[in-house]
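Per TrEMBL, the features are:
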DOMAIN    132-311  domain 'CNNM transmembrane'
TRANSMEM  136-160  transmembrane segment
TRANSMEM  194-215  transmembrane segment
TRANSMEM  221-239  transmembrane segment
TRANSMEM  251-271  transmembrane segment
DOMAIN    330-391  domain 'CBS'
Amino acid sequence: FVPRYRREINDTLRVLGFRLEAHYKDAEYDEDGIPEVLAGAEHTIRIFGFGFVEDMVVTFTSEKGYHEDLCDFPAVKGFPILKESFSPNTAKLNIKLPTKENVDVYYICINSTGAFRHQGSEHWLQIRTYEPLLPIWVMIMIIVVCLMFSSLFSGLNLGLMSLDRTELKILCNTGTSKEKKYAKVIQPVRNHGNYLLCSILLGNVFVNSIFTILLDGLTSGWIAVIFSTLAIVLFGEITPQAICSRHGLWVGAKTIYITKCVMVLTFPLSYPVSKFLDCVLGEEIGNVYNRERLKELVKVTTGENDLDKDEVNIISGALELRKKTVADVMTKIEDVFMLDYEAILDFETVSEIMKSGYSRVPVFEGNRQNIVTMLYIKDLAFVDPDDNTPLKTLCQFYQNPCNFVFEDVTLDVMFRIFKEGNKGHMAFVHRVNSEGEGDPFYETIGLITLEDVIEELIQAEIMDETDVFTDNRTKRRRTADRRQDFSVFAERRGETNKIRISPQLTLAAYQFLNTEGRVEVTIGKENLTFEGGPFTYFGTQALIQSIGVAESPSVPTSTIGSLESLNLDAMLRHTFQPDYTVRATTEVIYLRIKRSLYLAAKRATLMERSQQSNEQFDEEVDKVQLKDYEIGNIFFILWKKMIQKVQDEGPQGNDLLIKT
């Protein structure tokens, strides 16, 4: 039985099937091949059949029916055919199915004659819908929150793990007040490195998975891939890691409670994994810098830290003490100022010691490599150079010990020895010489002092007033300062420094010099000229003008220019103004003497002559006194004998005594 209205339908229009061309996300199919699409989302389908016209409209109903039945209750409004893809046997259209309760399957209906006609209930003509897990606005909020946590976990992964345990200890002790506070907050968590790492990574993976699932529920295809990639890379990796790499301490301290919550939540999985990593990889120790790395660290960070160049040099020098030996910094034995054990402590030797400027002088016996003792300058305090004390006597009295070290001793050991001070601050460097035939022997090759070690420590030369070289290794000489020279006082008046000539040769030389030389003299306004030869002199008034020179300084005088006057400058204020001109016409030898020096020499000569005359007078007086003393003694002896004789003779002797 077929109703009448069915027979009136055009049999040429019918849908035989459809397929999904484009959909919001990947469609799912059940066991019968029925597609399932997201409700409320726009999808593109292509229908197949015959009798299609351009103005037909397609809709869907939730009621079952037969082919050509009327669709009395369409579920959605009609969807027109896309004309650019139309043909009599196929057509494409965009659909959006609603979400309704108790609706499981939708069926196709087509309107080409003014009414929608059912196309059948076969399973290949059915389409299902499903609802999203959460509302769209909730999903968007969760996606944003997951992206924020992903960004936080990525930043903490780099920021916290880049904070070394050693660095945190340093910050706890030497950082600013805020750095100390932040470091103390982070340190308990950072001490469990693998546990913290596993917790952060698990949290990051968890939020990224939720982010991907929810984003897949909102979109699909390349849009989901591109959006998720850009969001995770830009906002979940690059930006937080760039921030936390510079401010990891601050971010880690401010988010410490979130980190602890994540560690608690992921404890069942992250803690066992962290223990396994501890067993396999070992416990985290932290960055440890050896000497070379620490020295290089100080050098490369010079521009960023507040260390001066001298401070950097001191740090570098302290780190290199253990690498250098005394042979690298010692003064070679050939350059050491030394004294012979057989030397005499006369004025020349003492002045040479004082000129050297050293407070400790090595003493050798035989050759310079045989060091026997040390001479301290303070030992010369009670030594008179005029006594010509032998140096060996002084050395035997004080017996100052010598300290010997081998050439391979490092500077840190040497510095410790000098610091203790038990063996002084100077040591001789020797080595075992096994070259040639015979038994090996110790050979002294150099000298090292505390100053040499300190110079290597501060990486600079310590210059004092006694240094001859700026560097005892390069032998670069120092610009000599003017020093006191006592060698002039060491010149003896004996026969050592005198030129030995006979009296006859002295007289001949004196007479020869007196007869040599000629001058031309111009006198007065008339410019009278004459020549002068031997036995002529000029300008003596320039030396003795306005000065009354007494022949004896003991004779008092009231003259201002007297040699007895102490105001010698007043005597020299007068200027000699000659009225003649003297010009040498032959080669002459002259001696330049200052006027003050001449006057002082003349005064000294007069005083010496006066002293000599006084000494002669004193000698004569002593002789006279001696004679008077001898006469008195003789008279006293005679007088005593006479009294004895009177006493022996009795009364007659008394008369004789009275007469005497």
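For all residues, glycine too, the Cβ spot is worked out from N, Cα and C.
Remember, TrEMBL labels are computer predictions, not curated facts.
Long-range contacts of the transmembrane segment (251-271) within its own chain (CB-CB distance under 8 A, at least 6 residues past either end) are made by residues 152-153, 155-156, 159-160, 163, 181-182, 185-186, 189, 195-196, 198-200, 202-203, 243-244. Secondary structure of the domain 'CBS' (330-391) per DSSP (helix as H, G, I; strand as E, B; remaining residues coil): 21 helix, 19 strand, 22 coil. Sequence-remote contacts of a segment are chain residues at least 6 beyond its ends whose Cβ falls under 8 Å from one of its Cβ atoms, and for the transmembrane segment (194-215) they are 134, 139, 142-143, 146-147, 149-150, 153-154, 156-157, 160-161, 224, 227-228, 231-232, 236, 259, 262-263, 265-267, 269-271, 273-275, 277-278, 281, 284. When pLDDT is averaged over the domain 'CBS' (330-391), the result is 90.
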